[in-house]
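What TrEMBL says about this one:
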ACT_SITE  His61  active site
ACT_SITE  Glu115  active site
ACT_SITE  His119  active site
SIGNAL    1-22  signal peptide
Amino acid sequence: MGPKGWSILKLLMFQGLFLSHSQEDFDFFYLVLQWPGAYCDTKRSCCYPTSGKPAADFGIHGLWPNYNDGSYPSNCDPDSEFDKSQITDLVSSLKKTWPTLACPSNEGFKFWKHEWEKHGTCSQSVMDQHDYFENSLKLRDRANLLQALTKSGIKPDDKFYDLEKIRNAIKDAIGFTPGIECNKDPERNDQLHQIYICVDTSGTEFIECPILPRGRCPSKLQFAKF
């Protein structure tokens, strides 16, 4: 092979390497579940969806592709727009367990559209739009966080609980260490807000987190009523 052939081969190899590290590559997912009581108990407040007040249970925030260094891809495919016709059979479940709490009050499609376009489009190498939402619903049900916490005597009653006990109750239930994120209520109390559980690249199995989110919580935090 002459010099020209080698240069073409190198170029093709470079393009292949470049493509293999495109935005659609990722190392794991964060399944992010939020406690509605903490979302609503801030200065920002919240609005219940048009279907009414959601259940007092952890709702889905999203399923987010992530890299092992803590960074993440986003908005990977502007051409892949959210299409509600692809998730018709999931809408009733999404309203229950992936409820919107943003104002003004709405059905939830705006929230789901945002999550698909920002995060879901970066996972298209392994799942389409329907799978993205269906897998999220299944993972959330399997985690069953509220049951895991209440079994350990940790209840949404405005009392304060040890961060370590919350973490261990979830780890005992799912087998892996979760990430825990807090926010503050208007009185500046730290409260349990979001739980991060790591999922493999197939979007179906829980795994140990390669890296935990940076959100810090004090050693004691409030589990807000809802």
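Cβ coordinates come from backbone N, Cα and C, glycine included.
Heads up, TrEMBL stuff is auto-annotated, nobody curated it.
Each residue contributes its Cα atom, and for His119 (active site) and His61 (active site) these two points are 11 Å apart. Neighbour counts of Cβ atoms within 10 Å were compared for the active-site residues His61, His119, and the top value is held by His119.
When the Cα atoms are compared, His61 (active site) and Glu115 (active site) turn out to be 8 Å apart.
Here Glu115 (active site) comes close to His61, Gly62, Leu63: these same-chain residues lie at least six apart in sequence, with C-beta atoms under 8 angstroms from its C-beta.
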